[in-house]
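Working notes for the structure below.
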Amino acid sequence: MYRKGAQAERELIKLLEKHGFAVVRSAGSKKVDLVAGNGKKYLCIEVKVTKKDHLYVGKRDMGRLIEFSRRFGGIPVLAVKFLNVGWRFIEVSPKIEKFVFTPSSGVSLEVLLGIQKTLEGKS
């Protein structure tokens, strides 16, 4: 699964760069996978890939992401590539202890970045 994860990270780097973000990949750091910024918004991203229709992410993984993001001054983001659906993103909250992530739990990259609004009118 490492190869799929690294490939997904590189794919997400290209998507973020298309939207004007500078991106650094932090392979093997055990903290975050990507750090991205555009001078206005800074994202600390944990990247996951799954063939399933859901993904369980534990408290420990989210705790590392949240703590790094707090220290860095960025937004903690979980990016999941569902192989049969595509990319979905969610801002991670410290209140979450364990989380089952499904495609309907997240938003598109454009909504996350504030480029596109959701049907509820939220950006």
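For all residues, glycine too, the Cβ spot is worked out from N, Cα and C.
Here the structure is a predicted model, which means the values were calculated and not measured.
The Mg(2+) binding site annotation in Swiss-Prot covers GLU9, ASP33, GLU46 and rests on sequence analysis. Under the heading active site, Swiss-Prot lists SER29. Among the features that Swiss-Prot reports, site 'Transition state stabilizer' is placed at LYS48, with the record citing sequence analysis.
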- Query: Cβ distance under 8 Å to ASP33 (Mg(2+) binding site), same chain, sequence separation 6 or more: which residues?
  - Reply: GLY5, GLU9, ARG25, SER26, ALA27, ILE45, GLU46, VAL47
- In the chain carrying LYS48 (site 'Transition state stabilizer'), residues 6 or more apart in sequence that have Cβ under 8 angstroms from it: GLY5, LEU55, VAL57, LEU78, ALA79, VAL80, LYS81, PHE101
- Taking the recorded Mg(2+) site as GLU9, ASP33, GLU46, identify the other residues of that chain whose CB atom sits within 8 Å of the mean position of the site's CB atoms, giving them in sequence order. GLY5, ALA8, LEU12, ARG25, SER26, VAL32, LEU34, ILE45, VAL47, LYS48, ALA79
- Note on the structure: In the three-state DSSP scheme, LYS48 (site 'Transition state stabilizer') belongs to strand
- Message: When DSSP is mapped onto helix/strand/coil, what comes out for ASP33 (Mg(2+) binding site)?
- Response: coil
- Item | Local Cβ density at GLU9 (Mg(2+) binding site) - other Cβ atoms counted within 10 Å | 20
